[in-house]
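In what follows, a structure is listed as structure tokens, so that the remarks can point back to it.
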Amino acid sequence: MPEEGMEDNKGREERPKWNNKAEYLLTCIGFAVGVGNVWRFPYLCQIYGGGAFLIPYLIALVFQGLPLLYLELAIGQRLRMGSIGVWNSISPYLGGVGVASMVVSFCVSLFYNTIVAWVLWYLFNSFQDPLPWSQCPLNHNNTGYVKECVESTPVNYFWYRQTLNITPNMETSGSLQWWLVVSLATAWSIIYICFIRGIETIGKAVYVTATFPYLVLTIFLVRALTLPGSSEGLIYLFTPDWEILKNPQVWLDAATQIFFSLSVAFGGLISFSSYNSQKNNCERDAVLVGVINSATSIYASIPIFAILGFKAHTNYVTCLNGNILALTNEFDISDMNITVENYEQWFDSLNGTHPSRVSDLNLKTCDLQTFLDQSASGTGLAFIVFTEAVISMPGSQVWAVLFFIMLFSLGLSSMFGNLEGILTPLHDLKLVPKWMPNELFTAIICLVLFLMALIFCLGSGNYWLEIFNSYVGSVPFLIIAFFEIIAVAYIYGIGRFSDDLEFMTGHRPNIFWKVCWLVISPLMLFVVLVAYVAVQAQTHPTYAAWNPDYVNFPDTEVLPYPDWVFAICVLLSSVPVISIPLVAIYRLICCMSGRHSKGSLHNDPNPYANEGYVVES
Amino acid sequence: MEEGCMINSNFLGISLFMRCLRMLVRILVLLYLAGAPALAQTLCQPNASNGCRVRISIKTALGNQAYEWNENEMFLFRATMAFAMRRYYKTETYNVDNIIMCNQTLRVSFWFVVTSPENSTMLIPKADVEKAVRMSRHRINNAFLLTDRTLEFLGIHPTLAAPVNPDTPPWLIVFGVVIGAVFAGIIALLVSSLLQKRRKEKGMMEDGQDEEDRQMKGVENDNVLDGIYNRGFTDDDRFTKL
């Protein structure tokens, strides 16, 4: 963002720059490492055969993720503009790619910060004893516990009723939940204070937000490995099932996961690298960011699964203890004679002698594998499964606070990139009036985003967030990335691009990068895009609704989307990317009508930036 | 002679009668003593209408510090129940003998009934016994170092934990602290930005000439560019408009 007061008589404004390389790298890493590394990757690892999933994941990283990352960092650094300016410079017909990036960043910021607001709400509630999600509240006349809570679990009740106050279906909108509005306002205020002075304040903030999650993950790792049942969880996670590699869905999910995890096509990475000096080795930066992002995913899955193993073990022991109590009471056996260890022998002997009495007890079948198989991802993992595990750990408040602060810093550092993808293009488009200071402009944007995100604070807000997450946060990115790579590799030209890279890094890109940019990455992106759309189109979209009056409550009711909602889904997927053809057509019309539009977005070179040019007199 | 025999036979008759009477009394006493427990046994039976079942889980509650359930503990239980009945009825007539226990198992579980102090064959109704237990539940639990769940009176539900309702929800306090800090930070940063700008403007006016010279040359990333000015880059459009 240009700083005022430093204008020369030619009206040139100096671009802000990073204080040091560490701030730049930490910001990029913080943007790439988000909540998805913690709650999406371990889930994929679990359902796709543990250690075997690493193979398609790493292949996708090397052949698709790293080339795209290198490409974005390089063009941002070379052309020194945000996403709109960069794509306008490369080809005016492809200016729509930049606009699409900005629109998509806008939509993602809306719902991503709502998740941060939920994390804040849980964080605020972790400072009490006992934790509010550990027990059911009493009903009105204090005769018993609330019915909805008894039928499901206290953790589910706290999430669905006391946090979201969710409506039974999407048609019922419900009202604004004031506590969520308050949490959302807090989240946006914290974002604003970090963005007040642009990268100056962001650069300071990322020292904490990008490093704190690693500290917490290590603490959790040490704690989790000392809990009973953790080893079962880890074995379950990492036992490779090689057969799963034959399923194409695995490769598709690995490619999409690596893609969304690296946060390319948001425009944020282009903006961040545009504040660098041009003589910076962006190849090393790209490889570093990509590798650290994947390493974080793998590192995060270890404590997550150790704790999930502990939770499964706890549930298994509770189930067994229920059976033991039933048997002890029925047959008047001395207290604690039946234990978890000798339960099998007792059961067999009792079943042999009194089978009818034993069967009348309706004992539950307790199988550790079943409990381990209960997988969850996304908000379900953080707010239901993990909170349940935390209750059983001694010193629950400490672990809950640590966990939610970690999620908060992960989300915050990703929000920096999202918001940067909106603000920098707007500045480059010179849409900001000259009289308006940057702080005011940032405040206005944050306020607009906050007001629009109030839709997610309604009773049906969670359903809308799922829609945004599935339809905005998926296909548009694939399309944008595909056009990005085609634009640079074929329209800008790989030769010109290699020259730029040689100017910036000091050496030409080797054959691996060139082959990836020209052939492998576009091909992979195209295949992934087509396969993703095909898979989505096959199933009629449904959503899981929380309905206390449902017959099979506490199972969620699977409802189809109403038609008007489905229309909105299609709009959400297509409107961001519609700018790509629109801008191309507009430029064509302008060109054909002969109007010469001076590219005010072109980077006016500084006449003094010609080191090495010697006047030969 | 005949009068002496008649007196002797009368005396013999009376002593025989006394002996028979004593034997009868002894038999009756023996019968009573033998029959009392039998009577008590008939009063206390499993599934009796006025009997309560108790289930105790000492090892679950106390783990390593569990005590053994023996006759002394049974005596303590009877004394505690008598205490509960005294407290409920506000009399001092109940005693340990009024609590009769039977059918003890290894679990540990047993049945007990409460007899009325006035009439030892009459049982106190179950509802009253339950009310007495509910009133003194806390004291009964503490006498045995147990809780509602480990000292179960079947038919009497454990009391629900009273909800803790603080005046201000704790989360509001944390939220207040955080949002206060954030707003203070925003105001501080805005004010310092404003002050910095004013200072810069004042500085610009004072040595504006030096600043302009530096800007002319151009400072890019702390490297003062000292290339030769390339006249090819002059923006001539400003001057020559066709």
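For all residues, glycine too, the Cβ spot is worked out from N, Cα and C.
Cross-referencing A:ASN293, A:ASN362, A:ASN438, A:ASN462 against the Na(+) binding annotation in TrEMBL, which names A:GLY30, A:ALA32, A:VAL33, A:ASN37, A:SER261, A:LEU410, A:SER414, picks out A:ASN293. Within its own chain, the transmembrane segment (A:398-419) is flanked in space by residues 27, 30-31, 33-35, 37-38, 105, 108-109, 112-113, 115-116, 119-120, 122-123, 126-127, 131, 190-191, 194-195, 202, 205-206, 208-210, 212-213, 216-217, 219-220, 223, 263, 266, 268-269, 272, 382, 386-387, 390, 445-446, which lie at least six positions past its ends and keep a Cβ under 8 Å from the stretch.
Neighbour list (A:VAL33 (Na(+) binding site), Cβ cut-off 8 Å, at least 6 residues apart, same chain): A:ALA210, A:PRO213, A:ILE292, A:ASN293, A:THR296, A:LEU410, A:SER413, A:SER414. When other Cβ atoms within 10 Å of the Cβ of A:LEU410 (Na(+) binding site) are tallied across all protein chains shown, the result is 27. Counting Cβ pairs closer than 8 Å to the transmembrane segment (A:207-226), the top stretch among A:254-275, A:287-308, A:471-494, A:515-535 is A:287-308. Note: the stretches the transmembrane segment (A:22-41) and the transmembrane segment (A:515-535) are not in contact (fewer than 3 CB pairs below 8 A, sequence gap of 6 or more). The recorded stretches the transmembrane segment (A:176-195) and the transmembrane segment (A:515-535) do not share 3+ CB pairs below 8 A when only pairs 6 or more apart in sequence are counted, and are therefore not in contact. A C-beta separation below 8 Å, combined with a sequence spacing of at least six in one chain, links A:GLY30 (Na(+) binding site) to A:VAL206, A:THR209, A:ALA210, A:SER413, A:SER414, A:PHE416, A:GLY417. Fewer than three CB pairs closer than 8 A are found between the transmembrane segment (A:515-535) and the transmembrane segment (A:287-308), and contact between the two stretches is not assigned (pairs 6 or more residues apart). Per-stretch counts of Cβ pairs under 8 Å to the transmembrane segment (A:47-71) identify A:254-275 as the leading one among A:92-124, A:254-275, A:287-308, A:440-465, A:471-494. Compute the center of the Cβ atoms of A:GLY30, A:ALA32, A:VAL33, A:ASN37, A:SER261, A:ASN293, A:LEU410, A:SER414, which mark the site for Na(+); besides them, the chain residues with Cβ within 8 Å of that center are A:ILE29, A:PHE31, A:GLY34, A:GLY36, A:SER263, A:THR296, A:SER413.
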